[in-house]
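Student: Below you will find the structure I want to go over with you.
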(Lines of atoms letter the chains of each structure in order from A and count residues from 1; the text may use other names and numbers.)
(Lines give C-alpha, C1' and ligand atoms only; values in the text may rest on other atoms or scores of the structure.)
Protein backbone atom coordinates (compact mmCIF):
# COMPACT_ATOMS: atom_id res chain seq x y z
CA UNK A 1 0.00 0.00 0.00
CA UNK A 2 1.46 3.37 -1.00
CA UNK A 3 1.11 6.54 1.04
CA UNK A 4 -1.59 7.71 -1.36
CA UNK A 5 -3.64 4.57 -0.84
CA UNK A 6 -2.86 2.69 -4.03
CA UNK A 7 -1.85 -0.93 -3.86
CA UNK A 8 -1.11 -1.58 -7.50
CA UNK A 9 2.04 -2.87 -9.17
CA UNK A 10 2.27 0.41 -11.09
CA UNK A 11 5.08 2.50 -9.60
CA UNK A 12 4.38 6.09 -8.62
CA UNK A 13 5.40 8.38 -11.48
CA UNK A 14 6.50 11.97 -11.21
CA UNK A 15 8.74 14.84 -12.26
CA UNK A 16 12.12 15.92 -11.03
CA UNK A 17 12.79 19.44 -12.26
CA UNK A 18 16.47 20.25 -11.94
CA UNK A 19 16.47 24.04 -12.20
CA UNK A 20 20.27 24.21 -12.24
CA UNK A 21 20.26 23.17 -15.89
CA UNK A 22 17.12 25.08 -16.99
CA UNK A 23 17.96 27.51 -19.78
CA UNK A 24 14.58 29.26 -19.80
CA UNK A 25 13.67 28.22 -23.34
CA UNK A 26 9.98 27.66 -22.46
CA UNK A 27 9.78 24.62 -24.72
CA UNK A 28 7.91 22.94 -21.82
CA UNK A 29 5.29 25.69 -21.78
CA UNK A 30 4.75 25.44 -25.50
CA UNK A 31 4.73 21.63 -25.64
CA UNK A 32 2.22 21.52 -22.77
CA UNK A 33 -0.12 23.98 -24.44
CA UNK A 34 0.13 22.17 -27.76
CA UNK A 35 -0.42 18.66 -26.46
CA UNK A 36 -3.15 19.49 -23.99
CA UNK A 37 -4.84 22.10 -26.20
CA UNK A 38 -4.71 24.63 -23.38
CA UNK A 39 -6.11 27.98 -24.53
CA UNK A 40 -4.12 31.21 -24.27
CA UNK A 41 -6.63 32.68 -21.87
CA UNK A 42 -6.17 34.57 -18.67
CA UNK A 43 -2.98 35.21 -16.82
CA UNK A 44 -3.09 35.03 -13.04
CA UNK A 45 -4.81 38.03 -11.53
CA UNK A 46 -5.25 39.72 -14.87
CA UNK A 47 -7.56 39.61 -17.82
CA UNK A 48 -4.61 39.65 -20.16
CA UNK A 49 -3.94 36.75 -22.45
CA UNK A 50 -1.20 34.73 -20.80
CA UNK A 51 1.93 34.53 -22.89
CA UNK A 52 0.80 37.33 -25.16
CA UNK A 53 1.49 40.17 -22.80
CA UNK A 54 4.70 41.72 -21.60
CA UNK A 55 4.54 41.55 -17.83
CA UNK A 56 7.76 43.44 -17.16
CA UNK A 57 9.08 40.54 -15.11
CA UNK A 58 12.32 39.64 -16.88
CA UNK A 59 11.49 37.12 -19.62
CA UNK A 60 8.49 35.77 -17.74
CA UNK A 61 5.34 36.65 -19.63
CA UNK A 62 3.03 33.99 -18.20
CA UNK A 63 3.28 35.06 -14.55
CA UNK A 64 2.37 31.83 -12.83
CA UNK A 65 0.50 28.56 -12.97
CA UNK A 66 -3.23 28.80 -13.65
CA UNK A 67 -6.08 27.08 -15.45
CA UNK A 68 -4.40 27.95 -18.73
CA UNK A 69 -0.74 27.68 -17.73
CA UNK A 70 0.28 24.20 -16.60
CA UNK A 71 4.04 24.72 -16.97
CA UNK A 72 5.45 28.08 -16.01
CA UNK A 73 9.05 29.16 -16.38
CA UNK A 74 10.17 31.63 -13.74
CA UNK A 75 13.01 34.06 -14.48
CA UNK A 76 14.83 35.55 -11.53
CA UNK A 77 17.59 38.11 -11.91
CA UNK A 78 19.65 38.63 -8.80
CA UNK A 79 22.42 41.13 -8.19
CA UNK A 80 25.42 39.31 -6.84
CA UNK A 81 28.81 40.78 -6.10
CA UNK A 82 31.11 39.67 -8.90
CA UNK A 83 33.71 38.54 -6.39
CA UNK A 84 31.22 36.16 -4.82
CA UNK A 85 30.32 34.52 -8.08
CA UNK A 86 31.28 30.89 -8.12
CA UNK A 87 32.18 31.02 -11.78
CA UNK A 88 35.89 30.84 -12.37
CA UNK A 89 37.09 33.24 -15.06
CA UNK A 90 36.70 30.77 -17.88
CA UNK A 91 37.61 33.34 -20.41
CA UNK A 92 38.95 36.69 -19.30
CA UNK A 93 37.27 38.67 -22.00
CA UNK A 94 37.74 42.37 -22.48
CA UNK A 95 35.73 44.60 -20.16
CA UNK A 96 34.15 46.26 -23.16
CA UNK A 97 32.36 43.10 -24.26
CA UNK A 98 28.76 43.58 -25.27
CA UNK A 99 26.49 42.87 -22.31
CA UNK A 100 23.76 40.62 -23.61
CA UNK A 101 22.25 40.12 -20.22
CA UNK A 102 23.75 36.65 -20.06
CA UNK A 103 25.26 35.19 -16.93
CA UNK A 104 28.43 37.10 -16.44
CA UNK A 105 31.76 35.41 -16.80
CA UNK A 106 35.22 36.79 -16.80
CA UNK A 107 37.21 39.07 -14.55
CA UNK A 108 35.35 41.80 -12.72
CA UNK A 109 35.73 45.23 -14.15
CA UNK A 110 38.06 47.57 -12.36
CA UNK A 111 37.22 50.55 -10.24
CA UNK A 112 33.50 51.13 -10.19
CA UNK A 113 31.68 49.19 -7.45
CA UNK A 114 28.46 49.26 -9.48
CA UNK A 115 30.29 47.78 -12.44
CA UNK A 116 31.58 45.02 -10.21
CA UNK A 117 28.10 43.80 -9.50
CA UNK A 118 27.02 40.84 -11.59
CA UNK A 119 23.62 39.33 -12.21
CA UNK A 120 22.78 35.77 -11.38
CA UNK A 121 20.01 34.16 -13.40
CA UNK A 122 17.70 31.61 -11.89
CA UNK A 123 15.29 29.86 -14.21
CA UNK A 124 12.82 27.26 -13.11
CA UNK A 125 9.95 25.45 -14.75
CA UNK A 126 7.11 25.19 -12.24
CA UNK A 127 4.29 22.66 -12.46
CA UNK A 128 1.53 21.04 -10.38
CA UNK A 129 3.19 19.16 -7.52
CA UNK A 130 0.85 16.12 -7.60
CA UNK A 131 1.00 16.04 -3.78
CA UNK A 132 0.87 12.82 -1.78
CA UNK A 133 -1.77 14.53 0.36
CA UNK A 134 -3.50 16.70 -2.21
CA UNK A 135 -5.79 19.37 -0.78
CA UNK A 136 -7.52 19.98 -4.12
CA UNK A 137 -8.51 16.34 -4.28
CA UNK A 138 -9.57 16.23 -0.61
CA UNK A 139 -11.92 19.23 -0.83
CA UNK A 140 -13.45 18.47 -4.25
CA UNK A 141 -17.15 17.85 -3.46
CA UNK A 142 -18.04 16.09 -6.71
CA UNK A 143 -15.19 13.59 -7.00
CA UNK A 144 -14.09 15.29 -10.23
CA UNK A 145 -10.53 15.35 -8.91
CA UNK A 146 -9.17 11.86 -8.50
CA UNK A 147 -5.90 9.99 -8.05
CA UNK A 148 -4.77 7.97 -11.04
CA UNK A 149 -3.01 4.62 -11.09
CA UNK A 150 0.25 6.58 -11.56
CA UNK A 151 -0.43 8.34 -8.22
CA UNK A 152 -0.98 11.62 -10.03
CA UNK A 153 -3.90 13.99 -9.41
CA UNK A 154 -6.23 14.74 -12.34
CA UNK A 155 -9.48 16.69 -12.87
CA UNK A 156 -12.25 14.92 -14.78
CA UNK A 157 -13.69 17.63 -17.03
CA UNK A 158 -17.02 15.88 -17.42
CA UNK A 159 -17.60 15.82 -13.64
CA UNK A 160 -16.27 19.21 -12.48
CA UNK A 161 -19.15 21.59 -11.76
CA UNK A 162 -16.97 24.64 -11.27
CA UNK A 163 -17.53 25.06 -7.53
CA UNK A 164 -14.02 26.48 -7.32
CA UNK A 165 -13.20 24.95 -3.94
CA UNK A 166 -9.92 23.41 -5.17
CA UNK A 167 -8.59 26.84 -6.13
CA UNK A 168 -8.07 28.32 -2.63
CA UNK A 169 -7.33 24.85 -1.20
CA UNK A 170 -4.07 24.38 -3.13
CA UNK A 171 -1.14 25.48 -0.93
CA UNK A 172 0.94 26.18 -4.07
CA UNK A 173 -1.68 28.23 -5.95
CA UNK A 174 -1.56 25.87 -8.92
CA UNK A 175 -5.12 25.03 -9.96
CA UNK A 176 -7.36 27.69 -11.43
CA UNK A 177 -10.86 28.23 -12.74
CA UNK A 178 -11.00 28.92 -16.48
CA UNK A 179 -12.88 32.11 -17.33
CA UNK A 180 -15.66 31.56 -19.81
CA UNK A 181 -15.64 27.83 -19.18
CA UNK A 182 -16.28 27.82 -15.45
CA UNK A 183 -14.48 24.60 -14.64
CA UNK A 184 -11.14 24.03 -12.91
CA UNK A 185 -8.06 22.95 -14.85
CA UNK A 186 -4.47 22.02 -14.07
CA UNK A 187 -1.58 19.78 -15.14
CA UNK A 188 -2.63 16.15 -15.67
CA UNK A 189 0.98 14.94 -15.88
CA UNK A 190 -0.16 14.03 -19.41
CA UNK A 191 -2.36 11.21 -18.12
CA UNK A 192 -3.35 10.45 -21.72
CA UNK A 193 0.31 9.87 -22.71
CA UNK A 194 1.45 7.82 -19.72
CA UNK A 195 -0.86 4.92 -20.47
CA UNK A 196 0.75 4.57 -23.90
CA UNK A 197 4.23 4.49 -22.45
CA UNK A 198 5.03 8.03 -23.54
CA UNK A 199 6.61 10.72 -21.40
CA UNK A 200 4.71 13.90 -20.58
CA UNK A 201 4.95 16.52 -23.33
CA UNK A 202 7.05 18.96 -21.27
CA UNK A 203 9.67 16.37 -20.32
CA UNK A 204 9.84 15.21 -23.93
CA UNK A 205 10.41 18.75 -25.17
CA UNK A 206 12.95 19.81 -22.54
CA UNK A 207 16.32 20.10 -24.34
CA UNK A 208 18.52 20.00 -21.22
CA UNK A 209 16.79 17.29 -19.21
CA UNK A 210 15.95 19.89 -16.61
CA UNK A 211 12.53 18.21 -16.57
CA UNK A 212 12.94 14.52 -15.83
CA UNK A 213 10.03 12.11 -15.79
CA UNK A 214 10.17 8.69 -14.21
CA UNK A 215 9.46 6.50 -11.22
CA UNK A 216 9.42 8.72 -8.16
CA UNK A 217 11.78 6.57 -6.08
CA UNK A 218 14.37 6.60 -8.81
CA UNK A 219 13.96 10.34 -9.37
CA UNK A 220 14.51 10.98 -5.66
CA UNK A 221 17.76 9.03 -5.72
CA UNK A 222 18.87 10.82 -8.85
CA UNK A 223 18.02 14.21 -7.35
CA UNK A 224 19.98 13.52 -4.19
CA UNK A 225 22.99 12.47 -6.25
CA UNK A 226 22.73 15.68 -8.27
CA UNK A 227 22.48 17.79 -5.11
CA UNK A 228 25.64 16.18 -3.75
CA UNK A 229 27.41 16.68 -7.04
CA UNK A 230 26.56 20.38 -6.98
CA UNK A 231 27.64 20.75 -3.36
CA UNK A 232 30.95 19.09 -4.16
CA UNK A 233 31.36 21.57 -7.00
CA UNK A 234 30.91 24.42 -4.56
CA UNK A 235 27.27 25.25 -5.32
CA UNK A 236 26.26 24.98 -1.68
CA UNK A 237 22.96 26.80 -2.19
CA UNK A 238 21.55 23.84 -4.15
CA UNK A 239 18.68 22.22 -2.24
CA UNK A 240 15.84 19.85 -3.00
CA UNK A 241 12.25 21.09 -2.63
CA UNK A 242 9.23 18.84 -2.22
CA UNK A 243 11.21 15.58 -2.15
CA UNK A 244 10.65 14.86 1.56
CA UNK A 245 7.86 12.32 2.20
CA UNK A 246 7.58 13.76 5.72
CA UNK A 247 6.77 17.34 4.71
CA UNK A 248 3.37 19.01 5.13
CA UNK A 249 1.94 17.50 1.96
CA UNK A 250 3.56 14.08 2.33
CA UNK A 251 6.06 14.85 -0.41
CA UNK A 252 5.44 16.04 -3.94
CA UNK A 253 5.06 13.81 -6.97
CA UNK A 254 6.74 16.66 -8.85
CA UNK A 255 9.72 18.04 -6.94
CA UNK A 256 12.61 20.39 -7.65
CA UNK A 257 16.23 21.21 -7.21
CA UNK A 258 16.46 24.91 -6.42
CA UNK A 259 19.37 27.31 -6.09
CA UNK A 260 17.75 29.68 -3.60
CA UNK A 261 14.95 29.83 -1.02
CA UNK A 262 11.61 28.54 -2.37
CA UNK A 263 9.84 31.90 -1.93
CA UNK A 264 12.31 33.47 -4.38
CA UNK A 265 10.76 31.22 -7.03
CA UNK A 266 7.21 31.98 -5.80
CA UNK A 267 6.95 28.69 -3.93
CA UNK A 268 5.70 28.40 -0.33
CA UNK A 269 8.54 27.61 2.11
CA UNK A 270 6.62 25.05 4.17
CA UNK A 271 3.28 24.09 2.59
CA UNK A 272 0.85 22.03 4.64
CA UNK A 273 -2.22 20.28 3.28
CA UNK A 274 -5.16 22.20 4.79
CA UNK A 275 -7.14 19.02 5.49
CA UNK A 276 -4.51 17.97 8.04
CA UNK A 277 -6.39 20.19 10.51
CA UNK A 278 -9.84 19.18 9.29
CA UNK A 279 -10.68 16.90 12.26
CA UNK A 280 -9.89 19.80 14.61
CA UNK A 281 -12.06 22.08 12.44
CA UNK A 282 -15.04 19.75 12.58
CA UNK A 283 -14.59 19.46 16.36
CA UNK A 284 -14.68 23.25 16.74
CA UNK A 285 -17.75 23.44 14.50
CA UNK A 286 -19.49 20.72 16.54
CA UNK A 287 -18.67 22.54 19.78
CA UNK A 288 -20.04 25.78 18.33
CA UNK A 289 -23.17 23.98 17.14
CA UNK A 290 -23.63 22.61 20.66
CA UNK A 291 -23.23 26.17 21.90
CA UNK A 292 -26.06 27.27 19.60
CA UNK A 293 -28.33 24.57 21.04
CA UNK A 294 -27.44 25.58 24.60
CA UNK A 295 -28.02 29.27 23.86
CA UNK A 296 -31.40 28.55 22.23
CA UNK A 297 -32.59 26.33 25.07
CA UNK A 298 -31.37 28.80 27.68
CA UNK A 299 -32.97 31.79 25.95
CA UNK A 300 -36.32 30.24 25.13
CA UNK A 301 -36.87 28.37 28.38
CA UNK A 302 -36.14 31.47 30.41
CA UNK A 303 -38.94 33.44 32.03
CA UNK A 304 -40.82 35.84 29.83
CA UNK B 1 21.15 44.97 -16.48
CA UNK B 2 22.36 48.16 -18.02
CA UNK B 3 23.13 46.99 -21.49
CA UNK B 4 22.96 49.63 -24.16
CA UNK B 5 19.66 49.85 -25.95
CA UNK B 6 17.78 48.07 -23.18
CA UNK B 7 16.02 50.22 -20.61
CA UNK B 8 17.24 49.47 -17.13
CA UNK B 9 13.78 48.84 -15.73
CA UNK B 10 13.64 45.12 -15.23
CA UNK B 11 12.98 44.68 -11.53
CA UNK B 12 15.52 42.49 -9.83
CA UNK B 13 13.61 40.13 -7.61
CA UNK B 14 13.92 40.38 -3.88
CA UNK B 15 14.58 37.59 -1.49
CA UNK B 16 11.11 37.11 -0.09
CA UNK B 17 8.84 36.79 -3.11
CA UNK B 18 8.67 36.35 -6.85
CA UNK B 19 8.02 39.92 -8.11
CA UNK B 20 5.61 40.35 -5.17
CA UNK B 21 3.13 37.99 -6.84
CA UNK B 22 0.71 36.00 -4.67
CA UNK B 23 1.66 32.39 -3.87
CA UNK B 24 -1.78 30.97 -3.13
CA UNK B 25 -4.71 31.79 -5.37
CA UNK B 26 -7.41 34.25 -4.43
CA UNK B 27 -10.67 32.41 -3.63
CA UNK B 28 -12.36 31.70 -6.95
CA UNK B 29 -15.79 32.47 -5.58
CA UNK B 30 -17.88 35.50 -6.42
CA UNK B 31 -19.08 38.31 -4.24
CA UNK B 32 -21.83 38.81 -3.20
CA UNK B 33 -22.86 35.20 -3.94
CA UNK B 34 -20.72 33.40 -1.40
CA UNK B 35 -20.89 35.85 1.53
CA UNK B 36 -24.69 35.89 1.05
CA UNK B 37 -24.74 32.10 0.94
CA UNK B 38 -22.88 32.05 4.27
CA UNK B 39 -25.18 34.66 5.86
CA UNK B 40 -28.49 33.25 4.65
CA UNK B 41 -27.56 29.70 5.62
CA UNK B 42 -26.66 30.81 9.12
CA UNK B 43 -29.90 32.75 9.68
CA UNK B 44 -31.92 29.85 8.29
CA UNK B 45 -30.21 27.29 10.50
CA UNK B 46 -30.75 29.07 13.81
CA UNK B 47 -34.30 30.08 12.79
CA UNK B 48 -35.22 26.44 12.17
CA UNK B 49 -33.91 25.35 15.56
CA UNK B 50 -35.64 28.31 17.21
CA UNK B 51 -38.90 27.29 15.56
CA UNK B 52 -38.51 23.66 16.58
CA UNK B 53 -38.06 24.71 20.21
CA UNK B 54 -40.72 27.42 20.17
CA UNK B 55 -43.48 25.09 18.92
CA UNK B 56 -43.67 22.82 22.00
CA UNK B 57 -43.26 25.86 24.24
CA UNK B 58 -46.43 27.35 22.81
CA UNK B 59 -44.77 30.32 21.19
CA UNK B 60 -46.70 29.90 17.97
CA UNK B 61 -45.81 33.22 16.38
CA UNK B 62 -42.09 32.60 16.95
CA UNK B 63 -42.41 29.04 15.61
CA UNK B 64 -44.20 30.20 12.48
CA UNK B 65 -41.74 33.01 11.80
CA UNK B 66 -38.75 30.73 12.39
CA UNK B 67 -40.15 28.11 10.03
CA UNK B 68 -40.77 30.60 7.24
CA UNK B 69 -37.38 32.29 7.75
CA UNK B 70 -35.63 28.90 7.65
CA UNK B 71 -37.30 27.99 4.37
CA UNK B 72 -36.73 31.38 2.72
CA UNK B 73 -33.15 31.70 3.95
CA UNK B 74 -32.05 28.21 3.02
CA UNK B 75 -33.61 28.26 -0.44
CA UNK B 76 -31.99 31.64 -1.09
CA UNK B 77 -28.69 30.29 0.26
CA UNK B 78 -28.93 27.33 -2.08
CA UNK B 79 -29.71 29.70 -4.93
CA UNK B 80 -26.61 31.77 -4.18
CA UNK B 81 -24.49 28.62 -4.09
CA UNK B 82 -25.82 27.37 -7.42
CA UNK B 83 -25.40 30.80 -9.00
CA UNK B 84 -21.76 30.80 -7.96
CA UNK B 85 -20.98 27.52 -9.72
CA UNK B 86 -19.02 27.65 -12.95
CA UNK B 87 -21.51 25.09 -14.28
CA UNK B 88 -24.81 25.71 -12.43
CA UNK B 89 -26.56 22.97 -14.42
CA UNK B 90 -24.25 20.48 -12.71
CA UNK B 91 -25.31 21.39 -9.17
CA UNK B 92 -26.61 17.89 -8.52
CA UNK B 93 -23.07 16.56 -9.04
CA UNK B 94 -22.56 17.86 -5.50
CA UNK B 95 -24.67 14.93 -4.36
CA UNK B 96 -23.06 12.20 -6.44
CA UNK B 97 -20.62 11.42 -3.61
CA UNK B 98 -20.41 12.07 0.12
CA UNK B 99 -16.91 13.13 1.13
CA UNK B 100 -16.15 13.94 4.78
CA UNK B 101 -12.84 15.49 3.64
CA UNK B 102 -14.77 18.08 1.65
CA UNK B 103 -16.73 20.56 3.78
CA UNK B 104 -18.59 21.57 0.62
CA UNK B 105 -19.74 17.98 0.12
CA UNK B 106 -20.81 17.69 3.76
CA UNK B 107 -22.37 21.15 3.49
CA UNK B 108 -24.33 20.22 0.37
CA UNK B 109 -25.64 17.15 2.15
CA UNK B 110 -26.75 19.40 5.04
CA UNK B 111 -28.10 22.27 2.92
CA UNK B 112 -30.05 20.22 0.37
CA UNK B 113 -32.15 18.17 2.86
CA UNK B 114 -32.42 21.15 5.20
CA UNK B 115 -33.91 23.42 2.56
CA UNK B 116 -36.29 20.68 1.43
CA UNK B 117 -37.47 19.95 4.98
CA UNK B 118 -37.71 23.62 5.93
CA UNK B 119 -39.76 24.28 2.78
CA UNK B 120 -42.12 21.39 3.57
CA UNK B 121 -42.55 22.65 7.10
CA UNK B 122 -43.15 26.23 5.96
CA UNK B 123 -45.69 25.12 3.36
CA UNK B 124 -47.55 23.19 6.03
CA UNK B 125 -47.47 26.10 8.48
CA UNK B 126 -48.70 28.59 5.86
CA UNK B 127 -51.44 26.39 4.39
CA UNK B 128 -52.47 24.58 7.57
CA UNK B 129 -52.34 21.24 5.73
CA UNK B 130 -50.31 18.08 6.42
CA UNK B 131 -49.62 19.26 9.95
CA UNK B 132 -48.00 16.08 11.23
CA UNK B 133 -45.63 15.79 8.28
CA UNK B 134 -44.90 19.50 8.49
CA UNK B 135 -44.13 19.36 12.20
CA UNK B 136 -41.90 16.33 11.71
CA UNK B 137 -40.04 18.03 8.85
CA UNK B 138 -39.66 21.14 10.98
CA UNK B 139 -38.24 19.11 13.86
CA UNK B 140 -35.62 17.43 11.66
CA UNK B 141 -34.72 20.79 10.11
CA UNK B 142 -34.35 22.09 13.67
CA UNK B 143 -31.87 19.32 14.43
CA UNK B 144 -29.87 20.18 11.29
CA UNK B 145 -30.06 23.91 12.12
CA UNK B 146 -26.95 24.29 14.32
CA UNK B 147 -24.90 22.43 11.69
CA UNK B 148 -26.22 24.84 9.05
CA UNK B 149 -24.91 27.78 11.05
CA UNK B 150 -21.40 26.36 11.58
CA UNK B 151 -20.35 24.17 8.63
CA UNK B 152 -19.66 27.27 6.54
CA UNK B 153 -16.85 28.20 8.94
CA UNK B 154 -15.17 24.86 8.22
CA UNK B 155 -15.79 25.45 4.52
CA UNK B 156 -13.69 28.62 4.62
CA UNK B 157 -11.08 27.33 7.09
CA UNK B 158 -10.36 24.20 5.03
CA UNK B 159 -8.38 26.17 2.44
CA UNK B 160 -4.82 27.43 2.07
CA UNK B 161 -6.16 31.00 2.41
CA UNK B 162 -4.07 32.19 5.38
CA UNK B 163 -6.70 34.38 7.09
CA UNK B 164 -9.26 31.56 6.98
CA UNK B 165 -7.15 28.52 7.69
CA UNK B 166 -5.32 30.02 10.65
CA UNK B 167 -8.71 31.16 12.05
CA UNK B 168 -10.22 27.68 12.15
CA UNK B 169 -10.66 27.79 15.93
CA UNK B 170 -12.44 31.15 15.93
CA UNK B 171 -14.48 31.14 12.71
CA UNK B 172 -17.15 28.61 13.84
CA UNK B 173 -17.79 30.70 16.97
CA UNK B 174 -17.96 33.91 14.93
CA UNK B 175 -20.41 32.38 12.44
CA UNK B 176 -22.56 30.65 15.07
CA UNK B 177 -22.74 33.80 17.18
CA UNK B 178 -23.55 35.94 14.17
CA UNK B 179 -26.23 33.48 13.01
CA UNK B 180 -27.89 33.70 16.45
CA UNK B 181 -27.97 37.51 16.50
CA UNK B 182 -29.23 37.62 12.91
CA UNK B 183 -32.01 35.08 13.52
CA UNK B 184 -32.98 37.04 16.64
CA UNK B 185 -32.89 40.17 14.49
CA UNK B 186 -35.58 38.82 12.17
CA UNK B 187 -37.78 38.00 15.16
CA UNK B 188 -37.24 41.42 16.76
CA UNK B 189 -38.40 43.13 13.58
CA UNK B 190 -41.37 40.89 12.85
CA UNK B 191 -42.83 39.90 16.21
CA UNK B 192 -44.75 41.72 18.92
CA UNK B 193 -43.27 42.58 22.29
CA UNK B 194 -44.55 39.33 23.82
CA UNK B 195 -41.74 37.37 22.14
CA UNK B 196 -38.99 39.97 22.40
CA UNK B 197 -37.48 38.87 25.73
CA UNK B 198 -36.24 35.40 24.69
CA UNK B 199 -34.96 36.54 21.31
CA UNK B 200 -33.17 39.48 22.93
CA UNK B 201 -31.46 37.04 25.26
CA UNK B 202 -30.48 34.88 22.29
CA UNK B 203 -29.08 37.91 20.50
CA UNK B 204 -27.06 38.96 23.55
CA UNK B 205 -25.48 35.50 23.85
CA UNK B 206 -24.70 35.41 20.12
CA UNK B 207 -23.28 38.93 20.17
CA UNK B 208 -20.99 38.15 23.10
CA UNK B 209 -19.68 34.97 21.50
CA UNK B 210 -19.15 36.59 18.11
CA UNK B 211 -17.44 39.74 19.36
CA UNK B 212 -15.12 37.79 21.67
CA UNK B 213 -14.09 35.42 18.87
CA UNK B 214 -13.72 38.29 16.38
CA UNK B 215 -11.46 40.06 18.86
CA UNK B 216 -9.23 37.00 18.90
CA UNK B 217 -9.10 37.10 15.08
CA UNK B 218 -7.78 40.64 15.26
CA UNK B 219 -5.17 39.92 17.92
CA UNK B 220 -4.11 36.27 18.14
CA UNK B 221 -3.14 35.24 14.62
CA UNK B 222 0.23 36.96 14.46
CA UNK B 223 0.88 38.82 11.23
CA UNK B 224 -2.29 37.36 9.71
CA UNK B 225 -4.41 39.30 12.23
CA UNK B 226 -3.52 42.40 10.20
CA UNK B 227 -5.92 41.24 7.50
CA UNK B 228 -8.79 41.44 9.99
CA UNK B 229 -7.76 44.88 11.26
CA UNK B 230 -7.06 46.93 8.16
CA UNK B 231 -8.65 47.62 4.79
CA UNK B 232 -12.12 46.53 3.76
CA UNK B 233 -12.21 43.68 6.27
CA UNK B 234 -11.11 45.96 9.10
CA UNK B 235 -13.87 48.48 8.32
CA UNK B 236 -16.55 45.84 7.99
CA UNK B 237 -15.61 44.12 11.24
CA UNK B 238 -15.48 47.48 13.02
CA UNK B 239 -19.02 48.08 11.73
CA UNK B 240 -20.02 44.69 13.18
CA UNK B 241 -18.89 45.82 16.63
CA UNK B 242 -20.79 49.11 16.39
CA UNK B 243 -23.99 47.57 14.95
CA UNK B 244 -24.03 44.62 17.34
CA UNK B 245 -23.32 46.91 20.29
CA UNK B 246 -26.18 49.16 19.22
CA UNK B 247 -28.52 46.18 18.97
CA UNK B 248 -27.65 44.96 22.44
CA UNK B 249 -28.00 48.46 23.89
CA UNK B 250 -31.42 48.98 22.28
CA UNK B 251 -32.83 45.72 23.67
CA UNK B 252 -31.02 45.68 27.01
CA UNK B 253 -33.82 47.17 29.07
CA UNK B 254 -36.42 44.66 27.93
CA UNK B 255 -39.02 47.44 27.81
CA UNK B 256 -38.57 48.48 24.25
CA UNK B 257 -40.82 50.17 21.77
CA UNK B 258 -41.67 48.67 18.41
CA UNK B 259 -39.32 51.15 16.74
CA UNK B 260 -36.43 50.28 19.07
CA UNK B 261 -36.98 46.57 18.42
CA UNK B 262 -37.04 47.10 14.67
CA UNK B 263 -33.87 49.20 14.83
CA UNK B 264 -32.12 46.58 16.94
CA UNK B 265 -33.23 43.80 14.59
CA UNK B 266 -32.05 45.77 11.58
CA UNK B 267 -28.70 46.43 13.25
CA UNK B 268 -28.26 42.72 14.00
CA UNK B 269 -29.02 41.72 10.41
CA UNK B 270 -26.69 44.37 9.02
CA UNK B 271 -23.99 43.15 11.42
CA UNK B 272 -24.48 39.58 10.19
CA UNK B 273 -23.96 40.68 6.60
CA UNK B 274 -20.89 42.73 7.54
CA UNK B 275 -19.43 39.73 9.36
CA UNK B 276 -19.60 37.47 6.31
CA UNK B 277 -18.37 40.13 3.87
CA UNK B 278 -15.65 41.15 6.33
CA UNK B 279 -14.32 37.64 6.88
CA UNK B 280 -14.44 37.06 3.14
CA UNK B 281 -12.49 40.28 2.51
CA UNK B 282 -9.84 39.30 5.07
CA UNK B 283 -9.35 36.01 3.24
CA UNK B 284 -8.92 37.78 -0.09
CA UNK B 285 -6.46 40.28 1.42
CA UNK B 286 -4.39 37.46 2.92
CA UNK B 287 -3.89 35.87 -0.50
CA UNK B 288 -2.92 39.08 -2.30
CA UNK B 289 0.26 39.75 -0.33
CA UNK B 290 2.62 36.76 -0.31
CA UNK B 291 4.02 37.78 3.08
CA UNK B 292 0.98 36.25 4.80
CA UNK B 293 1.95 32.91 3.27
CA UNK B 294 5.73 33.20 3.50
CA UNK B 295 6.34 34.69 6.95
CA UNK B 296 4.32 32.22 9.08
CA UNK B 297 5.80 29.32 7.11
CA UNK B 298 9.33 30.64 7.54
CA UNK B 299 8.74 30.94 11.28
CA UNK B 300 7.43 27.40 11.35
CA UNK B 301 10.65 26.22 9.79
CA UNK B 302 12.70 28.15 12.29
CA UNK B 303 14.13 30.63 9.88
CA UNK B 304 13.18 34.27 10.13
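Placement of Cβ uses the backbone N, Cα and C atoms for every residue, glycine included.
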Student: If you check TrEMBL, which stretch out of B:34-53, B:194-213 is marked transmembrane segment?
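Tutor: In TrEMBL, residues B:34-53 carry the label transmembrane segment.
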Student: Do any residues, 6 or more residues outside the transmembrane segment (B:106-126), come within under 8 Å Cβ-to-Cβ of it, and if so which ones?
Tutor: 41, 44-45, 48, 51, 63-64, 67-68, 70-72, 74-75, 77-78, 81, 94-95, 98-100, 133-135, 137-138, 140-141, 144-145, 147-148, 151-152, 154-155
Student: Would you kindly list the residues that approach the transmembrane segment (B:133-153) from elsewhere in its chain, counting only those six or more residues past its ends and only Cβ-Cβ distances under 8 Å?
Tutor: 37-38, 41-42, 44-53, 55, 63, 67, 70, 74, 103, 106-107, 110-111, 113-114, 117-118, 120-121, 123-125, 168, 171-172, 174-176, 179-180
Student: Which residues, given as numbers and ranges, are at least 6 beyond the ends of the transmembrane segment (B:34-53) yet have a Cβ under 8 Å from it?
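Tutor: Same-chain contacts beyond the flanks: 27, 62-67, 69-74, 76-77, 80-81, 84, 111, 114-115, 118, 121, 138-139, 141-150, 152, 156, 175-176, 178-180, 182-183, 186-187, 199, 202, 269, 272-273, 275-277, 280.
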